[in-house]
Amino acid sequence: MSSYDRRFADPNSYRQRSGAPVGSSQPMDPSAAPYNPRYTGGGGGYGPSPVMAGDNSGYNRYPSFQPPSGGFSVGRGGGRGGYGQYGDRNGGGNWGGGGGRGGSSKRELDSVSLPKQNFGNLVHFEKNFYVESPTVQAMTEQDVAMYRTERDISVEGRDVPKPMKMFQDANFPDNILEAIAKLGFTEPTPIQAQGWPMALKGRDLIGIAETGSGKTLAYLLPALVHVSAQPRLGQDDGPIVLILAPTRELAVQIQEESRKFGLRSGVRSTCIYGGAPKGPQIRDLRRGVEIVIATPGRLIDMLECQHTNLKRVTYLVLDEADRMLDMGFEPQIRKIVSQIRPDRQTLLWSATWPREVETLARQFLRDPYKAIIGSTDLKANQSINQVIEIVPTPEKYNRLLTLLKQLMDGSKILIFVETKRGCDQVTRQLRMDGWPALAIHGDKTQSERDRVLAEFKSGRSPIMTATDVAARGLDVKDIKCVVNYDFPNTLEDYIHRIGRTGRAGAKGMAFTFFTHDNAKFARELVKILQEAGQVVPPTLSALVRSSGSGYGGSGGGRNFRPRGGGRGGGFGDKRSRSTSNFVPHGGKRTW
């Protein structure tokens, strides 16, 4: 799209490019024919195009999505959850599965056969919306190189656009810019500055950035622009944007952001995940939503039962692709992508760049841009002060109490415990000792997990204990400190755990209780500390010397979790209900 092409200047010129299969339509007065979310006539099978609601400012002049008169209900998640550690029905050997009501096992999912789609005679759709603002145009090559160097941005691809220094450079609609301003952001994060122009140009994109880097808005705001330029949903149409996420926690958080910005843009969204009743999710899909955020297993359930389809999807996001492969979701991802038109725009996001993710990207993406923030190797955030303490297992709890007395001032503290049983035990004892602690793990019902997260986010219960279910994708602001009560099974999980603090440029602190049983991780842990500019305690160095070759053996390299492997577990094994969050506080309030 050339810089002089003003294709968004008026509704009529937009309508003629809308890709209607039966010629162009005459301009329609929205008041003349009320919008029906279940059916829209005219304009071919997809219904008429959105009509601009006023003269939007900005160089791109994006057409505003026209919501139905009288409003609509926003997608919502369900209540009671199932069992298992993760938010999908991913059991049967790789990771403990979270079944929920009406779910299937992972083995059953692998046997599901979705209908083969016919992608002949595809209707054209618009996906290039980017015009450089004068500020970006004025940047010299030296300016661009300096900006990227200062923010540790590296790029690959053909005709890579310059980064955006200010939110106004993206020329998002005014309502989106107002929402950004209310959140108090002063400038785009590095992944947003480079990712927005790439996404708005309509090209496929690979984004490599650590959690907490602002990547959700890096793909979500261009998605809203994309939706606004497409014809309205017609009867039985599926979504225009599909966002796949590995866990229900991450999916719910993406939905919160989508709802926050989508309401201002008149774009509907819903969240589809396991461990919650299907009824409300099915109603949202049948009502019609432009954006679906989903975990792979529950989405395949919905596709198999024909509660929705992906024929209208032209903007696909794979969030935390490395995590989805870790959890064994590759077969489900492939089945889902096979239902989507091949000329879609695809955005793949990952914290690391292992060979499996690279292979997936090579098969699913065409001529992509690549934006890397920092390194493709998993590294600890340098803004986090890491403190490693050698603590014998029997002394862990007393050491935790000492830390809490030093740290607790009402700020949020996240404590990671390796097992669900251990998580409940620590939480129960903390509450009996008067500390405001709540636990979250896979044996908690979905409604209880939602309640615990809400209490923790609001600060009403500033101490939360968790298993690794919360280690990836959990977006809680202002976590002062992370405590690794138990060292995790992989160094990858260690980095993701401590990454819950020190987000968005803030400083953070992480305490880790390290035992002699964890000695195999000592050598690589020292490397992580050194790479992040942290002090290596003499006791840890001594443990490395005493443990011989250390973790990784003679093969060399950092040994992270093998793809598709991991902890065993069943699916939907209905254990006795976890009651640690209901233990009364004992004694006096301790802070």
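Each residue, glycine too, has its Cβ placed from N, Cα and C.
In Swiss-Prot, the feature motif 'DEAD box' is placed on 319-322, out of the ranges 279-282, 307-310, 319-322, 395-398. From the options 165-193, 194-222, 455-483, 513-541, the stretch Swiss-Prot describes as motif 'Q motif' is 165-193. Neighbours of the ATP site: apart from ALA209, GLU210, THR211, GLY212, SER213, GLY214, LYS215, THR216, residues of the same chain with C-beta atoms within 8 angstroms of the site's C-beta centroid are THR189, ILE191, ALA218, ILE373.
Residues in the motif 'DEAD box' (319-322) partition by DSSP class (helix H, G, I; strand E, B; coil) as 2 helix, 0 strand, 2 coil. Per-residue confidence over the domain 'Helicase C-terminal' (399-544) averages 90 (mean pLDDT, predicted model).
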